[in-house]
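*Asks:* Take this structure first; my questions come after.
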Amino acid sequence: MEAAAAVVGFGAGAGLTRWQAAALSAVAGWVWAASFYDLTRRARALVQPWVTRRVHAETAAILRFQRLEHKLLDNIFSMLSCVVSVPFYTGFLPLLFWSGHGRLARQMTLLMAFCDYLGNSVKDIVSAPRPCSPPVRRVTATEDEKENAMEYGLPSSHALNTVCLTGYLLHYVLTYGEHGSVTVAAGLSLAFLLVMLVGIARIYLGMHSLTDVGAGIGFGIVILAFWLSVHDRVDAFVVSGENVATFWAGLSLLLCFAYPKPEFPTPSFEYHTAFNGVAFGIVYGIQQTYFHFHTPDAPLVFSAELPLLTFAGRVLVGIPTILAVKFCSKALSKWLLPVVCSTLGIPTVSSCYVPALRADSGSGKNRQGAGHLQRLLFSHFPRKAYDVDTGIRFVQYASLAWSVVDLVPAMFAHLNL
C-alpha cells in the first residue's frame with residue numbers, strides 16, 4: 001500500500017487534473033482496503049466452496065458429454081479455442097491498426113486489457129478448480145492451452161472474451177456501417193452461435209465446467225454493457241485528453257498492485273501484466289502519433305489509397321519489426337531494470353528472466369543497501385523483494401504495442417506503404 005500511495009503522490013505532483021488524481025487515489029484506496037481487511041481471503045471463503053461443489057457435481061455431466069469423443073471434434077474445438085484465444089487477438093489487433101481501422105483497434109485492445117484484468121482477478125479471488133482430470137479428459141493441443149490449464153477455472157476467459165469482443169465488433173459494424181434488419185438479425189445470430197460454440201468447446205475439451213462457462217458469459221455481458229456506456233469517453237480521452245501518458249503510467253503501476261493474490265501461484269498475473277503493458281504502449285503511442293497516422297481519414301484496406309498488395313507489404317514490414325522491438329526491449333530491460341533497482345536500493349528477485357536473482361540461485365535477491373537519497377525516495381515502499389520479471393514483462397509488451405502504433409506507421413510513411 002505504501003508503494004501505491006507513493007504513486008498517487010507522484011501523480012499529484014505531475015500536474016494531474018482533479019478527476020485523474022481522484023481516480024488514482026480511489027485505486028490506491030482499494031489496494032489499501034483490500035490488503036488491510038484481507039478482502040481477497042474473505043471473498044474466497046464465501047464463494048470458493050460453493051463453486052468447487054458445483055464443479056465436482058458437474059463432472060458426471062461432462063463425462064457423459066465427452067462420450068462424443070472423436071478426433072474430428074477434438075481438432076475443431078481446439079482450433080475454435082485457438083481462434084478466440086488471447087494470442088490470436090494479440091496477432092490480429094496490429095493488422096486492424098495497419099488496415100486503417102484505428103478506432104476499432106484502440107477500443108478492442110483496451111477492452112481486451114479490461115476483460116483480462118477483471119476475468120483473471122475473479123479467477124484468482126475465487127481460486128476454484130477446473131474439472132478434475134482424470135476422470136475428465138482434458139485436451140490441450142497447444143502450449144497456450146497447457147498454460148491455460150494451469151489457471152483457475154471460474155470464469156471461463158474464452159467465453160468472457162468472446163462475448164465482449166464479438167459484441168463490441170458487432171456494435172461497431174452496426175454503428176458505423178450501413179445495415180438493415182436482416183443484417184442486424186444475422187449479426188446477432190452469428191455472435192450468439194459463436195459464443196455457444198466456444199462454451200461447448202471449453203466443456204468438451206475438459207477445460208471448464210458449465211458453471212465456469214455460464215459465469216464467463218454472465219461477466220462478459222456485464223463488462224460489455226459497461227464498456228459500451230463509456231467507450232466514447234475513453235477514446236476521446238486517449239486521443240485528446242490532458243496528461244494522458246502520466247495518468248496512464250500511474251494507473252498501470254497501480255494495477256500491478258491492485259491484483260488479488262491467488263491461493264496458489266498461476267500464470268494469470270503474468271497475462272495481466274502483459275496486457276497492462278500493451279494498453280499503456282497503445283495509449284502512449286496514440287498520444288504521440290494520432291494526428292499523423294490514426295485519424296478517421298486514414299486510408300482503409302481495399303480502398304484505392306490502401307490496396308491489398310500495399311497492405312500485405314505493411315504486414316511483411318510490420319510483423320518482423322514489432323517482434324524485433326519486443327526482443328530488444330526484453331533484452332535491454334533484463335539488464336537495465338536490475339541495475340536501476342540495485343542503484344535505488346530496491347530489493348528484487350526474479351522467478352524466470354534473470355537467473356542471478358532467482359531465489360534458489362544462491363544469491364537470493366539483490367540486497368544492496370540504500371543510501372540517504374534512496375531511503376528518502378523509497379521510504380514509502382515496503383521492504384520486501386519485488387519480482388523484477390513483472391517490470392521486464394511490462395516493458396517488453398509496452399514497447400511492442402508502442403511500435404505497432406508509432407514506430408511501424410512511421411516506417412510505412414517513409415516507405416510509402
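The backbone N, Cα and C atoms fix where each Cβ goes, and this holds for glycine too.
Curation plays no part in TrEMBL annotations; they are all automatic predictions.
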*Asks:* Which stretch does TrEMBL mark as transmembrane segment, out of 6-25, 306-325?
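*Replies:* Range annotated as transmembrane segment by TrEMBL: 306-325.
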*Asks:* When DSSP states are grouped into helix, strand and coil, how many residues of the domain 'Phosphatidic acid phosphatase type 2/haloperoxidase' (105-228) land in each?
*Replies:* 91 helix, 0 strand, 33 coil
*Asks:* For the domain 'Phosphatidic acid phosphatase type 2/haloperoxidase' (105-228), provide the mean pLDDT of the predicted model.
*Replies:* 89
